[in-house]
Amino acid sequence: MFHTLNKKVSIFLILSGIFYLVLSFGLPSYEYVPVDADIVPIGLGIVLIILSIILYFVKDQEKKENDDRISKSELPVILGVIGFIILYIFFLEIIGFIITTVLFLFICSLFLGYKKHFINAIISLSIPILIYLLFDSFLQIQLPTGILPF
Amino acid sequence: MDVFQGLAQGFQVALSFEGLLFVLIGVVVGTVIGMIPGLGPITAIAVMIPITYGMDPAIALLLMAGVYYGAAYGGAASSILLNAPGVSEAVATTFDGYPMAKQGKAGKALAIAAIGSFVGGTISIIFLSFLAPLLSKVAVSFGPPEYFALMLMGLTAIASLSDGSTVKALIAGTIGLMIATIGIDAQTGTPRFTFGNPHLLEGIDFLVIALGLFALAEVTALIKNRKEKMDSMHNVGSLKLSKSDYKELAPTMGRQSVLGFLVGILPGAGGTISSFLGYISEKKFSKNPEEFGKGSMRGVAAPETANNAASTGAFVPLLSLGIPGSGTTAVMLGALIVLGIQPGPLLMTEHPDVFYGVIASMYIGNILLLILNLPLIPYLAKILLVPRQLLISLVIVFCIIGVYAISFSTFDLYLLLAFGIIGYLMRLIQFPAAPLLLAFILGGMMEQAFRQSLTISNGSLSIFATSPIAAVMLAIAFLSFLVPIIKSRKSGKKEQAENNKIA
């Protein structure tokens, strides 16, 4: 089973290596530059392809159960969190750091199954405000204010 | 400036009120982050980097040293109290630490871990104080070919020594080098692999990769185990050690400090290898090896002393050569560069205050860790009772702020998410992430050294063979690249033969 996975990964990597090589060969070269910008990328592309070919034939010594595998029931949860992160990033500069972070913390924790709404609300409100004050006043780093006037 | 003068100057900064305050903050924050399973020193340092912007570099380093030591100790605490090693360096600590906790001696085990870490760290720092300047002096004579060979040697050593498959580690390293080529080429000004995207012209920031591959990828594991409730040991017990305990542990700590330091200097052989090596060697030294695994004090002291000594030993190549020897020191290198400091042979001559400041901060970090964390541990252990669901959202927010504060670009945040997903996929197919990060950090320097060498020789590769130092290092790199591949082929064949036999 894992052996096949190695082969699949190896083929994907060989194709990536070829793509990278094509891009590398497309880099411009200059007449009076002794060593051009494409030399290292070309070398790396070739090394990746060689290593991937070796990987194709290598058998893993341990074929233990992989603990990192996500079960089918967990997949929607992970995809949901990724969706929340995308929304968080998208609205960060538009609505502002404080509001998006408060919403993200509360909704994400709720989505993951945290049922103590009062504690969730307090933490979701206090942490972003504390971080904002720390960055704004102490570190002089301005986080996006968005629709808030300060 | 000699070592003592330099150290005196370093201590002036470290012992100031501000210095002590930030080490203290670092130690506590580091311990808390280190205790959370999965979040080790790499994440702890990466998350703290944005907080150091605008700080005096020497003070920022004190904070980082505190975080570094704190995280290492926090990992030990969760190993002992919960049998949940936060990082691979702390796995060996669980073998005897958790049985001790079950016997009601958690306090004693924590004290041994703290004292062992202190002894290992301190002895290692003394070696570091004298060895790093010596190495710097040698390295000043290095030219581009020697530098390139050195970095390549370090990189292949890391790949061949890392856990799991060597080929996979080497592939991860190659991909790291490839990612480092994205952006404007420093020598010719040619944009490479930017696909016309202006955000990629400056390349990808290391923090995006470090936080993505390590912290964000870990979130998936946290999500999977979010319903698990952590039962912290409520009865920690006495923290006191008797005179006979000290007598029993002293030789172990002495031996493991030296061994750990030596292992730490080698590129790639960091805390994990040293802690296991420490545990195994101590079991062999012991007159009662059967006690190991059942709550032996020496079984806790050995890995803890060795891994702290190794963590400090890893600073020798970082400070004197500018080459990180492990994933954690790679993040430290990134953090130093963010602060405007380039570690390497010139650091000692150009910025002796920073060079010795780092070393002095380690002494102070170690001492404060011992004084403060011992009584605080039972309280800090409560952090493990924070519900996972809240913790996950907070870790994500900290990652996002960390990246945003460095670039002020949402593009980098999408990249962060992408690297988080890549990090998770890498775990799934068992590709190690540390060689990728390390290669990415070294990539720019390696390419520069390689091309400078070729420019000197007018394009001829013979320059690497004519320098004896470079030639030897390249030969070692080649061997460390080749030997594990042949070995894995052989063991694969052996396994196949055995399988055939069984069938």
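Glycine is treated like the rest: Cβ placed from N, Cα and C.
Here is what TrEMBL records for this protein:
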- B:20-53: transmembrane segment (TRANSMEM)
- B:20-438: domain 'DUF112' (DOMAIN)
- B:109-135: transmembrane segment (TRANSMEM)
- B:147-162: transmembrane segment (TRANSMEM)
- B:169-186: transmembrane segment (TRANSMEM)
- B:206-223: transmembrane segment (TRANSMEM)
- B:258-280: transmembrane segment (TRANSMEM)
- B:321-342: transmembrane segment (TRANSMEM)
- B:354-377: transmembrane segment (TRANSMEM)
- B:389-406: transmembrane segment (TRANSMEM)
- B:413-441: transmembrane segment (TRANSMEM)
- B:461-486: transmembrane segment (TRANSMEM)
Proximity of the transmembrane segment (B:206-223) to the transmembrane segment (B:461-486), 3+ C-beta pairs under 8 angstroms: no
Intrachain neighbours beyond the transmembrane segment (B:20-53), with Cβ under 8 angstroms and 6 or more residues off its ends: 14, 59-60, 62-75, 77-78, 82, 84-87, 89, 207, 210-211, 214-215, 218, 221-222, 311, 327-328, 331-332, 334-335, 338-339, 361, 364-365, 368-369, 372-373, 376-377, 380-381, 383-384, 391, 395, 398-399, 401-402, 405-406
Among B:109-135, B:258-280, B:461-486, stretch most in contact with the transmembrane segment (B:354-377) (C-beta, under 8 angstroms): B:109-135
Positions whose Cβ lies under 8 angstroms from the transmembrane segment (B:258-280), at least six residues beyond its ends: 72, 87-93, 95, 120, 123-124, 127-128, 131, 153-155, 157-163, 292, 299, 302-314, 316-317, 323, 325-329
Mean predicted confidence [pLDDT] for the domain 'DUF112' (B:20-438): 82
